[in-house]
Amino acid sequence: MNKKFDQFAGVAFLLVGILFLVESQKISDSAYGSSVGPKIFPMWLGIILIALSIRLLYETFKIKSEESKKEKLQYKKFLIIFVSAVLYAFFLEKIGYVASTFLFLLIAFQTMERRKIISSLLISAFFAFGVYYLFSELLGGSLPGFPLV
Amino acid sequence: MDTLQYLADGFSVAFQWHNLLFALVGVIIGTAVGVLPGIGPMSGVALLIPVTATITSGMPTSAAAASSIILLAGVYYGAMYGGSTTSILLNTPGESSSVVTTLDGYQMAQQGRAGAALAISAIGSFCAGIVALIGLILLAEPLSNVAVKFGPAEYFSLMLLGLAAVSGLAGKSMTKALIMTVLGLMLGTIGIDAVSGIARFTYDQPILYSGLEFLTVAVGLFALGEVFKTILEKDDETGAIAKIHRIMPTKQDMKDSALPIARGSLLGFFIGVLPGAGATLASFFSYMTEKKFSKNPETFGKGNIAGVAGPESANNAASGGAMIPLLTLGIPGSGTTAILMGALIMYNIQPGPLLFDEHPEVAWGLIASMLIGNLMLLVLNMPLVRVFAKIIETPKKYLLPLIVAISFFGVYAVQYTTFDLFLLLGCGVLGYLLSKNDYPVAPLVLALVLGPMIENNMRRALTISNGEFSIFFTKPLSLVFIIAAVAWLLVPLLLKLRGRKVIINEEG
């Protein structure tokens with residue numbers, strides 16, 4: 001358990017709760033004049049979340065800070081893969097499914113282990129083409145094809 | 001006999017060749033999911049929803065729903081079979097419901113009895129699956145007959161009970177679990193309100209009008225969250241895999257495990273029916289029961305076969321039992337059943353009491369296919385146990401990026417927007433951060449699925465009562481549900497105050 005994270009999360013949830021409470025007041029009442037319009041439910045959710053996050057904050061302050069284990073996290077690997085996944089999502093419709101999938105897999109495989117480039121190439125190509133062919137050609141689904149060609 | 005007639009119809013659905021194939025593929029993938037550490041049944045099912053949705057896209061809705069749910073349910077109970085394999089061979093449970101299997105299973109493997117342990121857990125799982133199904137068949141009609149009489153007030157309270165049960169048992173801190181539940185309910189309110197047609201929390205973004213897609217959120221939180229975790233926290237390479245010498249258990253093994261299997265099946269089934277108490281809890285209780293019943297409890301933890309047979313039967317029976325509240329009441333009791341329910345809703349099929357009347361082919365087809373699927377699993381698992389054990393060796397460097405690619409494909413193929421891909425990645429990061437800090441994500445998904453239904457039933461009930469909240473307390477059944485919900489949250493709290501250790505359910 002990470003006390004810092006809990007405190008941060010407690011404040012974040014508190015803000016979300018307040019946001020919901022405030023924003024729900026802006027929802028217009030339903031037209032047919034029923035007393036239970038579309039804003040009741042979100043409003044109560046906001047109130048409950050505020051109460052719960054206050055309780056969470058109270059709990060985290062009560063707990064004495066415990067020894068925090070320092071774990072070695074592989075941020076570099078994660079960031080490379082995450083950024084390439086974001087780029088994958090961004091370019092999917094622009095350069096097509098096959099090309100973007102192939103590139104993403106290749107980068108991710110090589111990030112995980114920088115060896116065996118041939119098998120990385122083969123698996124990426126096989127997956128990208130295979131899924132595209134099966135889905136678009138055989139099952140008649142639609143994926144962005146080859147806009148550049 | 002009406003039920004028998006329906007069951008026969010169900011079998012005619014389940015025996016259609018493509019449904020047989022679907023069940024087979026489902027249980028094979030399920031076993032693989034159970035074997036692979038890192039992907040639990042929940043992410044496995046979530047990942048496959050888009051794939052089944054595309055495969056079945058050409059069929060009529062009802063048939064498509066039946067086929068998909070047959071496959072997805074196959075993954076669910078198949079994972080229960082597979083989970084034991086790694087527990088026994090590697091001492092690492094493939095999913096949380098097999099944790100107790102490591103205690104005696106790995107010891108048996110060390111003594112060269114890995115094959116017997118694997119076989120007995122397959123046999124136990126099979127028997128349990130059958131017991132659960134018989135229970136399902138017997139209880140389905142009467143329960144849905146009762147549920148048909150429910151009004152909106154009863155439904156609202158019942159769903160509250162479902163949420164309370166899952167939150168009360170999930171994770172280490174109930175506050176965190178409740179926060180996750182409320183957050184899920186909040187996410188469910190985004191989009192156009194179904195009753196009044198007013199857009200809520202959309203901020204004029206057309207992409208938000210239809211709300212956040214449950215599938216995207218679930219795949220992101222579970223599958224991607226798990227992938228990110230494995231990339232970030234490089235775990236030590238697993239140890240040597242125990243060798244499998246002989247698969248068939250001896251006569252003595254069979255004799256020793258017959259009673260534990262029977263007890264585990266019954267216990268697991270009833271625990272599974274309770275919302276919130278899932279397979280993990282069932283296997284845990286079964287282990288304790290076996291230890292109590294055993295003539296020589298000191299052998300537990302040293303390779304007693306009863307310690308494998310009981311819990312493995314219990315977790316499988318629980319996964320069957322969990323289908324009962326889902327199918328008859330429309331209330332999922334766990335994360336995985338919530339995802340199954342989401343899948344049904346995607347096909348415009350509402351699980352609940354009317355399911356058996358309106359879509360008997362879905363409900364009974366699923367039940368019949370579970371019988372067939374369990375048989376397939378038994379047949380597959382006995383000779384193929386060695387093959388499945390090989391799956392453990394799949395290198396992570398290929399597996400993890402492929403899971404990302406499959407989730408991208410799945411989400412994009414169903415949603416056709418890149419917005420959902422970014423949402424997917426966001427949920428992935430969130431899922432990692434939340435579950436790392438003991439915020440259980442299963443209640444969030446459950447609440448996201450139940451949210452709109454809870455709200456609609458609440459508003460309907462309040463409209464009937466002219467805005468008086470007392471309607472939830474004056475209707476007797478509704479009052480019972482609410483009292484049960486409150487008790488579910490308060491009892492663990494009271495037990496904690498008295499210094500008792502409370503067993504929690506970490507599975508979804």
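From the backbone N, Cα and C atoms, a Cβ is placed for every residue, glycine too.
Positions annotated as transmembrane segment by TrEMBL: B:20-49, B:61-79, B:116-140, B:177-195, B:207-225, B:266-287, B:326-350, B:362-386, B:398-419, B:439-456, B:477-495. What TrEMBL lists as domain 'DUF112' is B:20-446.
Long-range contacts of the transmembrane segment (B:326-350) within the same chain: residues 41-42, 45-46, 49, 52-53, 61-62, 64-65, 68-69, 72-73, 76, 136, 139-140, 143-144, 147, 158-159, 161-162, 165-166, 214-215, 218, 222, 272-278, 319, 356, 359, 362-363, 366, 441-443, 445-446, 449-450, 453, 507-508, each at least 6 residues beyond the stretch ends and with a Cβ under 8 Å from a Cβ of the stretch. Of the candidate ranges B:116-140, B:207-225, B:362-386, B:398-419, B:439-456, B:439-456 contributes the most Cβ pairs within a distance under 8 Å of the transmembrane segment (B:177-195). Counting Cβ pairs closer than 8 Å and at least 6 residues apart in sequence, the transmembrane segment (B:398-419) and the transmembrane segment (B:61-79) reach fewer than three and form no contact.
Listed by sequence, the residues of this chain that lie at least six past the ends of the transmembrane segment (B:116-140) yet keep a Cβ under 8 A from its Cβ atoms are 3, 7, 77, 80-81, 84-85, 88-89, 101, 104-105, 108-109, 244, 246-250, 253-254, 257, 260-262, 264-266, 268-269, 272-273, 305, 308-310, 312-321, 323-324, 327-328, 356, 363, 367, 370-371, 374-375, 377-378, 381-382, 385. Same-chain neighbours of the transmembrane segment (B:61-79): 13-14, 18-19, 22-31, 33-34, 40-41, 44-45, 48-49, 52-53, 55, 94-95, 129, 316, 319-320, 323, 336-337, 339-340, 343-344, 347-349, 359, 361-362, 365-366, 369-370, 373-374, 377, counting only residues six or more beyond its ends whose CB sits under 8 Å from a CB of the stretch. A mean pLDDT of 84 is what the model gives for the domain 'DUF112' (B:20-446).
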